[in-house]
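Written out below as structure tokens is the structure these notes cover.
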Amino acid sequence: MSRQWLFSTNHKDIGTLYFIFGAWAGMVGTSLSILIRAELGHPGAFIGDDQIYNVIVTAHAFIMIFFMVMPIMIGGFGNWLVPLMLGAPDMAFPRMNNMSFWMLPPSLTLLISSSMVENGAGTGWTVYPPLSSGIAHAGASVDLAIFSLHLAGISSILGAVNFITTVINMRSPGITLDRMPLFVWSVVITAVLLLLSLPVLAGAITMLLTDRNLNTSFFDPAGGGDPILYQHLFWFFGHPEVYILILPGFGMISHIITQESGKKETFGNLGMIYAMLAIGLLGFIVWAHHMFTVGMDVDTRAYFTSATMIIAVPTGIKIFSWLATLHGTQLTYSPAMLWAFGFVFLFTVGGLTGVVLANSSIDIVLHDTYYVVAHFHYVLSMGAVFAIMAGFVHWYPLLTGLTMNPTWLKIQFSIMFVGVNLTFFPQHFLGLAGMPRRYSDFPDSYLTWNVVSSLGSTISLFAILYFLFIIWESMITQRTPAFPMQLSSSIEWYHTLPPAEHTYAELPLLTNNF
């Protein structure tokens, strides 16, 4: 057992570990979000202290981003699918792959510890000084959170190096870059973004650490520092990070839509690759749109508004190419396809509210209101999460060699769809009416939509529990698929289900008939 799970060098086993870890962290993060909605579900105090409330909000963000979405998308799907799609026997650095995983549990432990010592880190996930300084947040909490981020960051950087090396060096003959599957492209672009952005975050939080403990003044005006410098450094990481969260999802959705449409390739395959490259590049030059309210020059604001809107172009190319891939097909309403439809629709809605927020003048009013919360939860809670659900339902027979009950999956999708929309759609109204983020209480005039929102979160929770039940039922009954349900658009399906522990003992050769 310890040989297989503790010291594993097998990409499939490590991928499975990532899935289990991500699912566990996801349950912790979901519990925190239920606490947030319980607090906001009625006027007056429930938990009481705003510090505790902000600790919950901060932990919810960190856990969902660094310990749920990234481990599942990059660690789980990436590890499982990239070697299979490339025809590679494993990742380029199998032991480093294992180390990448085993840095995450200690990292999560440090994050949880930060909530339990002193008063917790109630800084929001951005950890802005002076709130995160040694005066406003005395004690070890923020320091523990910083070390947690360091560990998670090292884990991601090592993983990124591994994926980039694997894709450069371990492709089978015949898989040229232009014929490489879109999911592999999405993962390698994600890896480059991680490699370039995480060191900047590491620098920023290390400077914060020395400001707190070693008497430096990087972010303290009293010593000639500037807290705005921290914001620039953080968001130079933070904005690429949101594209890191969604890009692997783009790759998965491309595969699912292509395969379920019965097409042999995605519409505009090369355009899709260039669109992802453009999104990755542009993601680095728009960071200050998170800072429209800190007092930048008007020409700076004009630039960041324009650059942010340009990102909508490659994103639009992807949306319309997915629709074009669907064009002319007999639509199948399989569970994976339902998730993909939900993704395309809701991600588009989230993208549109993003274009609204890109206008610096409008953002002055909407900044730090629930409109922003609604925007990023539409692209994360219904973009990233729907992509994860789509990918899991689609590749579940490959991962386990079992099938889930499709009728139940469709019911579960419907419940989840209603739940997330009921949770986050009303938040647009709250934001437009001026309800601010990160407060545990609110004027009674905001009550109705907050009650609706909290009701939606309960429905979503039920949907997630139902999904866990469906997986459990599938594993108990052990229904095996007789054969893959559709013609494959990618080579990972040309295996036994699940694949043998060591696939591609002999290098596959891909010809033009592929």
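Using N, Cα and C of the backbone, Cβ positions are placed for all residues, glycine too.
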Query raised in the report: Which of these, HIS239, HIS255, HIS327, does Swiss-Prot list as part of the Cu cation site with HIS289, HIS290?
Result: HIS239
Query - Residues close to Cu cation site centre defined by HIS239, HIS289, HIS290, Cβ within 8 Å - result: TRP235, GLY238, VAL286, TRP287, ALA288, MET291, PHE304, THR308
Query raised in the report: In sequence order, which residues at least six apart in the same chain have a CB under 8 Å from the CB of HIS377 (Fe(II)-heme a binding site)?
Result: GLY350, THR423, PHE424, GLN427
Report summary line: One of the binding-site residues TYR243, HIS367, HIS375 has its Cα closest to the Cα of HIS289 (Cu cation binding site), namely HIS367
Report summary line: HIS367 (Mg(2+) binding site) falls, by DSSP collapsed to helix, strand or coil, into coil
Query raised in the report: So are the transmembrane segment (182-202) and the transmembrane segment (379-399) touching or not, going by 3+ C-beta pairs under 8 A with a sequence gap of 6 or more?
Result: no
Requested in this report: For HIS375 (heme a3 binding site), just count the other CB atoms lying within 10 A of its CB, please.
Outcome: 24
Query - Two-stretch contact, the transmembrane segment (233-253) and the transmembrane segment (101-121), at least three Cβ pairs under 8 Å - result: no
Query raised in the report: Which residue, of the binding-site residues HIS239, HIS367, has its CB surrounded by the fewest other CB atoms within 10 A?
Result: HIS367
